[in-house]
Amino acid sequence: MSGSHSYSASIHSGSDHHAARSGHIVVQEPAHVNTIEGSIASKEQESGPSVPQAPVFQEGGWRGWTTVAGAWLVQFCGFGYSTSFGVYQAYYTQTYITNETSSTISWIGSVNAFLVIGFGLVSGRLFDKGYFYYLMIGGSILYSFCIFMLSLTKPNQFYQVFLTQGIGMGLAAGTLYIPSVAVVSHYFQKKRALAMTIVASGSSFGAVIHPIMLNNLLSSSIGFGTSVRASAGLISGCLLIACCMMHPRLPPPRQHISYVQAAKKFSKDSAYVCTTMGLAIFSIGYYFPLFYLQLDASLHGLSNTFSFYSIVIMNGCSFVGRLTPGFFAHRLGIANMICVATFCCSVLVFGMIGLKSVASVVVLGIIYGFFAGVYIALMGPLMVVLTDNVAELGVRMGIAFAFSGVGSLIGTPISGALLTNNYIWWRPAVFSGAVAMVGAVFFAAMRVILFHRSQTKMFAPATEKPGA
């Protein structure tokens, strides 16, 4: 669905000849591209004072891969549970909170999604300052507590569900989300894209398992409270294991750039601005199928069993989509892939208008789920591509993903209001598809800007004197 993930990478001009010719944006290992700084550093080393060297990445190892596994579990429990809200949306609308409209109920999921991503402004900065274990342990305890409290809420008490699931679980998941992804970057440089996509797949796998579990429990005779407590037990156990598996390796940076200074500086970066706008606008329409597909299927006369599994089909394909960039991004280009993914998602949202049969739900769920997974998996790596200074990466991600969170906050409530109690499906489908398409246009503009930059870098050496 993606906080300020603190990955570190650089885009270099000197060795980008071949990449620029192919039109791909390549993420490479840090190199000494600034000759002035390099000469100063060498002189200081000769004269006596030591200069901090760039970190050496071990590209995995036992601790590296156990950290990946722990981060995967956090994504399974956190963002994976948040993107399963379509199950709750259908259950609340039809059974548990029948005194509220679908638009009002969708605020629970949208606030949750906003806090998961937007709270990265806080958790990302605390991670950069070295508070990783405090964030993971505190966030895990709060998350487990809020899910257990959700099981104690009463029917038709909207405020109770909103406080526990919307705000409480959202803050807890937001506390966990960014640090769990960022810590993986401590162990990988060349294999970072692969490691990140593996971690991102955890949320999609969770979005498959949680709906199956919840739908079967909620449709049984054990009731809402027992069903949620069973889910809380699974999540608490997974988070306990995850906290034991993850370990930060690199010391926190000595200097931190403020968000105000960063915002002023980044506003002059046209590619970054286009990406931030794209994330914010695209997120307005992105969550509509995720939140409303199951309700749409059930209200169009499809069987309850199939309606339950419509979300599972979509999220299962999202799992495949999130793994795909790890194997193809270095060939096809991260910016290219995210442009294709957002455009395809935008077109498919319009398809929500015609969901009236099992075949239509399956086809849309498979294709949309795949491209939605590709989009989520590439949000973090795209920020790496856009960042030249590693020290700014966490702040860049925090600001961009906060804007994305705002889009997710307002999108589904607007769609629910357009849907009305008469369930006029074409209105929210057209709205969500249109705004998602506008977001895709911003991503395309970002790609054009990056292409021009790569062309400039490719021809820049020709203007230097031959002996340089």
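Yeah, the Cβs are placed from backbone N, Cα and C, and that goes for glycine too.
TrEMBL entries are annotated by machine, without manual review.
Copied over from TrEMBL:
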- 72-92: transmembrane segment (TRANSMEM)
- 104-124: transmembrane segment (TRANSMEM)
- 131-152: transmembrane segment (TRANSMEM)
- 158-181: transmembrane segment (TRANSMEM)
- 193-212: transmembrane segment (TRANSMEM)
- 232-250: transmembrane segment (TRANSMEM)
- 271-294: transmembrane segment (TRANSMEM)
- 306-323: transmembrane segment (TRANSMEM)
- 335-355: transmembrane segment (TRANSMEM)
- 361-386: transmembrane segment (TRANSMEM)
- 398-419: transmembrane segment (TRANSMEM)
- 425-450: transmembrane segment (TRANSMEM)
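Same-chain neighbours of the transmembrane segment (271-294): 1, 83, 85-87, 89-90, 106, 109-110, 113, 307-308, 310-311, 314, 342, 345-346, 348-349, 352, 355, 361, 364-365, 368, 372, 375, 379, 382-383, 386, 396, 399-401, 403-408, 410-412, 414-415, 419, 428-429, 431-443, 445-446, 449-450, 453, counting only residues six or more beyond its ends whose CB sits under 8 Å from a CB of the stretch.
Just going by CB pairs under 8 A, the stretch in 72-92, 131-152, 158-181, 335-355 that sits most against the transmembrane segment (104-124) is 158-181. For the transmembrane segment (425-450), the residues of the chain that approach it from at least six positions outside its boundaries are 25, 270-271, 274-275, 277-286, 288, 292, 296, 335-336, 338-339, 342-343, 345-347, 349-353, 355, 385, 407, 411, 414-416, 418-419, judged by C-beta separation under 8 angstroms. Packing against the transmembrane segment (131-152) from elsewhere in the chain are residues 74, 77-78, 123, 161, 164-165, 168-169, 171-173, 175-176, 179-180, 183, 224-229, 231-232, 235-236, 239-240, 242-243, 246, 248: each is 6 or more residues past its ends and has a CB under 8 Å from a CB in it.
Through the fold, the transmembrane segment (398-419) approaches residues 1-4, 101-107, 109-111, 113-118, 120-121, 124-125, 178, 259, 262-263, 266, 272, 275-277, 279-288, 291-292, 379, 383, 425, 427-428, 431-432, 435, 439 of its own chain, all at least 6 residues removed from its boundaries and within a Cβ separation under 8 Å.
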